[in-house]
Amino acid sequence: FAGLADVSISEDIPVEGEITIPVGSRSPDEDFSTLDEPVRDTIMRDLKAVGKKFVHVMYPKKSSALLRDWDLWGPLVLCVSLALMLQGGSADSKDDGGPQFAEVFVIIWFGAVVITLNSKLLGGTISFFQSLCVLGYCVLPLTVAMLVCRLVLLAGSGTISFIIRLIVVVAMFGWSTLASTAFLADSQPPNRKALVVYPIFLFYFVISWMILTFTPQ
Amino acid sequence: TACLPMYLFAEFDDAANLLAANPDATTISIDEPAEIPKKQHGRLQEPGREEDDELLGTDDSDKTELLAGQKKSAPFWTFEYYQTFFDVDTYQVLDRIKGSVFPVPGKNFVRLYIRSNPDLYGPFWICATLVFTIAVSGNLSNFFIHLGKPTYHYVPEFRKVSIAATTIYAYAWLVPLALWGFLMWRNSKVMNIVSYSFLEIVCVYGYSLFIYIPTAILWIIPQKVVRWVLMVFSLCLSGSVLVMTFWPAVRDDNRRIALATVGTIVLLHALLSVGCLAYFFDAPELDFPAPFIPPHNVTTVATRNR
């Protein structure tokens, strides 16, 4: 370090200037602070994102919007509404009736977490919350099926209504499974795809069973 | 530095002796020649042990044998450690399921299919499927049995799912734990050629439960004879897988203890299937689906309804 001993900044060389970040690299989202915008804009932006994802689930194409900007608002809304609609079922004195609110909630969230862990343990490249997001959003067809079932049950609970409900639930179960497989299958190693898809199938089958066996008081 | 290998060799021997007193998971294949020293590989590998093996200058065949048993070398708090238990492809899982349904007489399931790559995928998801299959089939079967009765009101019986889950997961994990502990204890008294690690026992139990999935679906048929025939058949198949796996592990022991162990394994397995049949599936009241009920049975039918 001997050679550096005589290096020093002389006083007549000014050390000043401006350190600015070039404007081009700032992303457009950060142009303004979201604290100043009206609350309506904030809510509408999130609602639009959720709505766009609903549309993506109902018409599953190979788009990455569902995966890239994950959020868990949609799954929460779907899970709560499904659990609420499954209430009011038959519950006789032995309490052998349908699932309670907490049971539906736990099954959906715990099931989604287990399936996500399973796919990650098998070597999948999807992130934890992205997978939760996809599995939660793909409950949408089954929530629609539950709504239809409740409406059909208002009309009557005979054999014909059962057949209608069966057809609707089976169709929506197929739709949910295919939609979630379309989103999740690409991130799995190719020789383990079936190992990852099967638990998803089981998960939506259990939810469909809960919907189909719902009997009003 | 020339005496370094000798020093390490002596130290390794001491360590091996110390480990012998402390039972750990041991995996040995029956085919290997007996001169490979019995290595105790616990699930938590210290890095020092691997260095010892490498410095001893073991040749390639020994090294692959060591590495096969040392697969799980990541520390247990990392995600990669648990990924080693899911290192199976689709065709491997399907092969293992086939091996549990069609047991080849004389062939050991663990040796043939698991081969020191036990996985947790099969046991976990087979148990999950079995839980829901039993609950759904039981519900359907009760529905069909009580269908024509005027006082019957269908209930989904969702409570039974949690009971089924507790029973089956407890059986698939606690019984292997007890069996593994028992085998380790006997191993310390009688030197057995064959011994299994805890995960291999869990694997065998998990895959042996697969046959009950189609059995539970067929139990919807409301005929007592059919149900009992199905139960005996599936018990024979999965029981034989278990017996053929565990008989080599205990046959060098005292004759009575060996027979008692294998007998207990089969008995617990039978208890599980009988219990599931009795609890989840109501007994069919008539042995043939007769459209008429003799008048004096109507009151008994009405009082039996819940």
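Backbone N, Cα and C define each Cβ position, glycine as well.
Curation plays no part in TrEMBL annotations; they are all automatic predictions.
For the domain 'Yip1' (A:59-210), the model's pLDDT averages out at 86. Marked as domain 'Yip1' by TrEMBL: A:59-210.
Per TrEMBL, transmembrane segment is recorded for A:70-89 (among others).
If you look up TrEMBL, you'll see A:101-122 (among others) marked as transmembrane segment.
Per TrEMBL, transmembrane segment is recorded for A:134-156 (among others). Non-local neighbours of the transmembrane segment (A:134-156) in the same chain are 53-54, 56-58, 66-67, 70, 72, 74-76, 78-79, 81-82, 85-86, 108, 112, 115-116, 164-165, 168-169, 171-173, 175-177, 179-180, 183-184, 200, 203-204, 207-208, 211-212, 214, 216; each lies 6+ residues outside the stretch with a CB under 8 Å from one of its CB atoms.
Here TrEMBL flags A:162-184 (among others) as transmembrane segment. Non-local neighbours of the transmembrane segment (A:162-184) in the same chain are 57, 60, 62, 66-67, 119, 124, 126, 131, 134-135, 138-142, 144-145, 148-149, 152-153, 196-197, 200-201, 204-205, 207-208, 211-212; each lies 6+ residues outside the stretch with a CB under 8 Å from one of its CB atoms.
Through the fold, the transmembrane segment (A:196-215) approaches residues 82, 86, 89-90, 98-99, 104, 107-108, 111-112, 114-115, 118-119, 122, 124, 135, 138-139, 142, 145-146, 149-150, 153, 157, 165-166, 169-170, 172-173, 176-177, 180-181, 184-185, 188 of its own chain, all at least 6 residues removed from its boundaries and within a Cβ separation under 8 Å. For A:196-215 (among others), the entry in TrEMBL reads transmembrane segment.
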